[in-house]
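K.L.:
I am attaching a structure below and will ask some questions about it afterwards.
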Amino acid sequence: MYPIWDVPYLSSALVIGLIASFHVLPSHLAVGALWVTVYIEKLAYLRNRPDYLDFVKRFTLLLLIFSFIFGSLSGIGIWYSATVSSPRGISGLIHNYVWGWATEWVFFIIEIATIYAYYYTLGKVDPKTHIRIGYLYALAAWISMIIITGILAFMLTPGKWLETGDFFDGFFNPTYFPQLLARTFLMFGVAGIYGLTIASTLKKPTKLDLTKIISRVAFGGMILGGLFVIWYLSKLPQSAKELYTGLPYLSKLGKIALVCYLILVFYFLLTGFVIPRLNNLILTSLLMLLTFVGILCAEGIREGIRRPFIINYFMYGHQVIAKDLPAKNIKAEIEVIQKEGLLPRLGYLPDSLRKITSENRLEVGRIIALHNCANCHAFTEKGLRPLPALFGKLSPQSPEDIDAFLAALGSFPYMPPFAGNDEERKVAAEYLFTLIKK
Ligand code: HEC
């Protein structure tokens, strides 16, 4: 076990959540954008409309700055925040998928090289070559999505990997294809909203023409993407469906995501087929915000229905291994920790905290509690699922009441069993009780 990253108010989970949800915007833009742009570039040559190329230039510049600066930075942000908040979780993924990531980075480098080439050679090389560079980019970007989706989907539905430990059994898991197709088509919606933003800054005839084209592509993508989301939902394991209906906040997120989706589809329908004039910078900026809210909710659900695990059925949210994986020589840890204790595994602790004494009870209790709960709960008065408030509602009368709650944690469908022996559970309960009295 590594030290715990305790983030007041937010909890470490929400830090990753915010960075990762933001990252969806530039990353999905990066994958969707050039299919749309190259299509418009082709139309520019076919219809002899050099004014369309203005759009191509501006859109690509936006892509360069937004996706390849903010997107890259937030991508690294996910690695940093995931590494400190759940080092064993990320280690579990790397031990399975390091070659997956290595492959993704090869395509990412092709993306970076070709996007610069595409931007700086517009109007300087012959159209055919330029369009080829565009397709090369678009293909490399999509392949990076093909790869990363396997790892993302694996975390929720590891499938046969749980028995075989095999790279491809985990990669081509039950939700892989529905999720890949859903992301592939929904990204045209993300690209569409950016495209409309750029189009709204152009002169009238160009603006109206391009608004129509972009909105129609985005509308089609959103409808197909929506259908694949339905397929995706049907493939979810029963435990995930039960969590979704059992935890009220998840169904609330679901409703918000649906409303965001419908508003976007309606806007694309209006600007694509009825009144392209409607497209303007203020509206698209608001819709961009709405897109972000929708993504935040959808990704929040995807993470939420995996509880109490980081890697479903294999590693709990508190980073303890739940299940034997003989193929990889990995043994379940939870029962052992409940017998032998968590403290012997916290190698980073100073000697003064390695044994429970009458002086250090509360301090050790806090460390044990942090290891067990901080990935999902804030320890502060306010914030994400704050423990003082949640316990306050249960109104325990003594540390023993909390101890009984901790002993029963495993019976909640969304919380892992307590990781620690009886004495550790007792000091954790004593510490948690001090939070409520405050
Ligand atoms: C894997 C994530 C996760 C971990 C780890 C976790 N919890 Fe929770 N906990 C939740 C979720 C989700 C809820 C439901 C909150 C809601 O309904 O919004 C919850 C609810 C609670 C509640 C309210 C009771 C209830 O029935 O809803 C208490 C009290 C609580 N947790 C205490 C703890 C304590 C103490 C620990 C550590 C020993 C812990 N939790 C570890 C996710 C977790």
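Cβ atoms here come from the backbone N, Cα and C positions, even for glycine.
What TrEMBL records for this protein is below:
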TRANSMEM  12-40  transmembrane segment
TRANSMEM  61-82  transmembrane segment
TRANSMEM  102-122  transmembrane segment
TRANSMEM  134-156  transmembrane segment
TRANSMEM  176-201  transmembrane segment
TRANSMEM  213-233  transmembrane segment
TRANSMEM  253-274  transmembrane segment
TRANSMEM  281-301  transmembrane segment
DOMAIN    360-436  domain 'Cytochrome c'
K.L.:
When secondary structure is assigned with DSSP, how many helix, strand and coil residues does the domain 'Cytochrome c' (360-436) contain?
P.N.:
48 helix, 0 strand, 29 coil
K.L.:
What residues in the same chain, six or more past the boundaries of the transmembrane segment (176-201), come closer than 8 Å to it by Cβ-Cβ distance?
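P.N.:
Residues packing against the transmembrane segment (176-201) from afar: 24-25, 28-29, 31-33, 35-37, 55, 58-59, 62-63, 66, 142, 145-146, 149-150, 152-154, 207, 210-211, 214-215, 217-222, 224-226, 228-229, 231-232, 234-235, 264, 268, 271, 279-281, 284-285, 287-288, 291.
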K.L.:
So, taking each listed stretch (12-40, 61-82, 134-156) in turn and counting its Cβ pairs to the transmembrane segment (281-301) that are under 8 angstroms, which one gives the highest count?
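P.N.:
Selected stretch: 12-40, with the most Cβ pairs under 8 Å.
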K.L.:
Taking only the residues in the domain 'Cytochrome c' (360-436), give me the average pLDDT of this model.
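P.N.:
When the pLDDT values over the domain 'Cytochrome c' (360-436) are averaged, the result is 95.
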K.L.:
Six or more residues beyond either end and a Cβ under 8 Å away: which residues meet both conditions relative to the transmembrane segment (61-82)?
P.N.:
12, 15-16, 19-20, 22-23, 25-27, 29-30, 33-34, 37, 89-90, 112, 115-116, 119, 194, 198
K.L.:
What else in the chain is close to the transmembrane segment (134-156), if you only count residues 6 or more beyond its ends and a Cβ gap under 8 Å?
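P.N.:
Same-chain residues near the transmembrane segment (134-156) but 6 or more away: 30-31, 34-35, 37-38, 41, 93, 96-97, 100-101, 103-104, 107-108, 110-111, 114-115, 118, 170-173, 175-176, 179-180, 183-184, 187, 236-237, 240, 302, 305-306, 310-312.
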